[in-house]
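A short write-up of the structure that comes next.
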Amino acid sequence: MTAPPRRAADRLPGLVPALVPTAFIVLAFLVPLGGLLVLSLRPTDELNNPLPGLTLDQYATVFSTGYLWGSVLESLWLAVRVSATSLVLAFPVAWYLARSTSRAGKSIVFVATLSPLLTSEVVRSFGWRVVMGGEGPVNVVLQALGVVDEPLSLLRSPWTVFIAVVHVMLPFAIIALSASLGAIDTDLLHASAVLGASKTRTFLSVVVPMAAPGIVAALVIVFSLSMGVYVTPMLVGGANQPLAGLRIQTEAMTTFDQPGAAALSFVLLVVTLAVCALLGGLGRLAEPGRLVGRRGRG
């Protein structure tokens, strides 16, 4: 006999413990976001003080000012590069964590992956200042090898910022990928090899589609965090880096244009959500069932 379906009243006691923290998280996100939206619609006086009323002037300023809109595009370009690089670097590490039979090796790699997350982003970013500084290990090695005669100015470089941000984001990509790679049935890999598929064909036809949820999760997490990254570019590259996070800080804390900073924040949020939605759509298209269906119809 099948068990009778549980009534809604029977499920309610189990839902209450989950509803309370969920409601708190939603309110803690939506209430400040709503306040930020209202602030972004406020007109300002000559001193950038918010005035009563609603206007789209702040958004018009963001899109018409190269200094502001350009920072969104720079953040977008940085986030795309960081996401792609993190995914490529994370894949072999995540594959080892998911497939290795060596407990000792997996433990070492797992600890090495998580250890950066146990220290603050400030500490990790400041470490890059030491490494890339005039008397840091990079310049010392280059001078010892005779590559350069004088220390290179590596700090405040866009490439140094890029490398440091990848270092900060890489653990998130590894964690997101390892779960999906670990769920792939080993029999599918063996079957692909038995049928004569090369390792490259197996990777593209079996591993990538099966790992699509993890790939999308890694890209979404890394991309969304990279779009608003602030601490690492500030410490490694300086306040003049043309990124939206630094521009928002300047607008809010230096020029005291709170509505302008709020408008730039919302533009950054909308662009981030749009790209994440696109990634989610691409991930659904790459699901194994959809791929098989399309090939079958072909």
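Quick reminder: no glycine exception, Cβ is built from N, Cα and C everywhere.
What TrEMBL says about a protein is an automatic prediction, not a curated fact.
The annotation transmembrane segment is assigned in TrEMBL to 12-39, 76-96, 108-127, 159-182, 203-225, 261-285. According to TrEMBL, the feature domain 'ABC transmembrane type-1' maps to 72-279.
Just going by CB pairs under 8 A, the stretch in 12-39, 76-96, 159-182, 203-225 that sits most against the transmembrane segment (108-127) is 159-182.
The listed stretches are 76-96, 159-182, 203-225, 261-285; of these, 261-285 has the most Cβ pairs under 8 Å to the transmembrane segment (12-39). With a threshold of 8 Å between CB atoms, the same-chain residues lying at least 6 positions outside the transmembrane segment (76-96) that come near it are 105-106, 109, 113, 161-162, 165-166, 169-170, 172-174, 177-178, 181, 214-215, 218-219, 222-223, 226-227, 229, 243, 271, 275.
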